[in-house]
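Here is what Swiss-Prot records for this protein:
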BINDING   81  (2R,3E)-phycocyanobilin binding site
MOD_RES   71  N4-methylasparagine
């Protein structure tokens with residue numbers, strides 16, 4: 001749900017108009033609208049490059065993952081890891097576009113830790129992978145855009161911790 005929708009629903013539930021603070025939040029969100037669209041476009045267009053950089057970094061941090069018997073050993077397992085990286089990037093862009101973290105919570109965080117545990121995927125590796133995706137993404141963006149997108153990566157990292 002978008003920031004605007006959430007504010008309206010909250011105000012309606014309480015039978016009131018949006019507060020000054022809520023209206024300011026909407027105004028800030030609308031002011032950054034073109035930036036949010038640009039960020040989502042850059043991440044979409046640079047997805048392969050971001051994943052390539054992040055995977056190189058994560059496998060340098062954890063070479064045991066691509067060693068025989070590792071969670072990303074072999075082309076099939078490795079491609080599944082990279083698929084997940086693309087999924088997380090899309091999830092980040094949904095949050096950026098919506099202006100809140102509800103879509104990340106609804107689509108991606110609930111149950112993900114348990115899923116990875118059941119599959120034998122080390123959580124520390126996924127946390128490191130999201131951090132690597134963040135760093136690779138930030139290389140593609142300016143400082144102002146980094147301030148907008150960073151909290152969404154951090155939210156996923158905290159949610160998986």
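Here the Cβ of each residue, glycine as well, is placed from N, Cα and C on the backbone.
Calculated from their C-alpha atoms, the gap between the residue listed as '(2R,3E)-phycocyanobilin binding site' and the residue listed as 'N4-methylasparagine' amounts to 9 Å. In sequence order, 65, 77, 81, 120, 121, 122, 125 make up the list of same-chain residues 6 or more apart from residue 71 (N4-methylasparagine) whose Cβ falls under 8 Å from its Cβ.
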